[in-house]
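All remarks here apply to the structure that follows.
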């Protein structure tokens, strides 16, 4: 079977919007090539510049790629894609390119930019096909994203992992809502959490996260559920993680105290810069005290504590 690779050129603020459109079209997953993010990792000596072609490093804005199977409905999907891109609340309408790829190329296209990355002081993330031996005793997570979001090289994920390094001391209970690949749930378990609930609405994400949980040997600690975010969390926990988007965080915030212990931590991420103040106000109105704010490019993450 042949596939059509669709590459959408979009500003950083539109990456998640375009990803959601592809999900609606049935792509199942996306590849994000963000030159600003890649160059930050190169400057930090995490990645080597020779691993990336100049056209990627010098690109003026990110590209979001997806792969759709050729078939009778493909042209209709492309028309719908153009309509949805035109309707996005962005300063400029994203443009897209298309090219045919063979099945064997499609199956591995997303793998070439997924490299081992060290995060914070204690953690490292590697794909299963890369050799990596930590020199400083880091805890290594082996993650294959498949068709789910979150493999450790996106700022929203990285900032959450850095917060978890500081607050997981051992024995905590954690709820990860919108778990994606399960990376934050697995991070919590490997740092010493005693019990972790990982929830996602997406059945593909649930499947991928369960595979990653087993790959990392934490299936006795992490339970993965398919469900509506907080609905699956029945008892109070020490930490709640929500690496989603600003709108969903603000909807979730009033319900988080129901399942979070007093003095417990709420980590939020996936917040674009221009929504950060709005999210902060909502968190404080709900009874949270902001303990920390991290920024990375266009993204913001908050560490909060439930007072009372």
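Heads up, the Cβ atoms here are built off N, Cα and C, so glycines get one too.
Among the candidates 157, 158, 286, the one that Swiss-Prot lists alongside 178, 200, 243 as binding S-adenosyl-L-methionine is 157. Using a 10 Å radius centred on the Cβ of residue 178 (S-adenosyl-L-methionine binding site) and all shown protein chains, the other Cβ atoms total 23. Residue pairs drawn from 157, 178, 200, 243, the listed S-adenosyl-L-methionine binders, are separated by up to 16 Å at the Cα level. Residue 200 (S-adenosyl-L-methionine binding site) falls within a strand segment according to DSSP.
Under the three-state DSSP scheme, residue 178 (S-adenosyl-L-methionine binding site) falls in the coil class.
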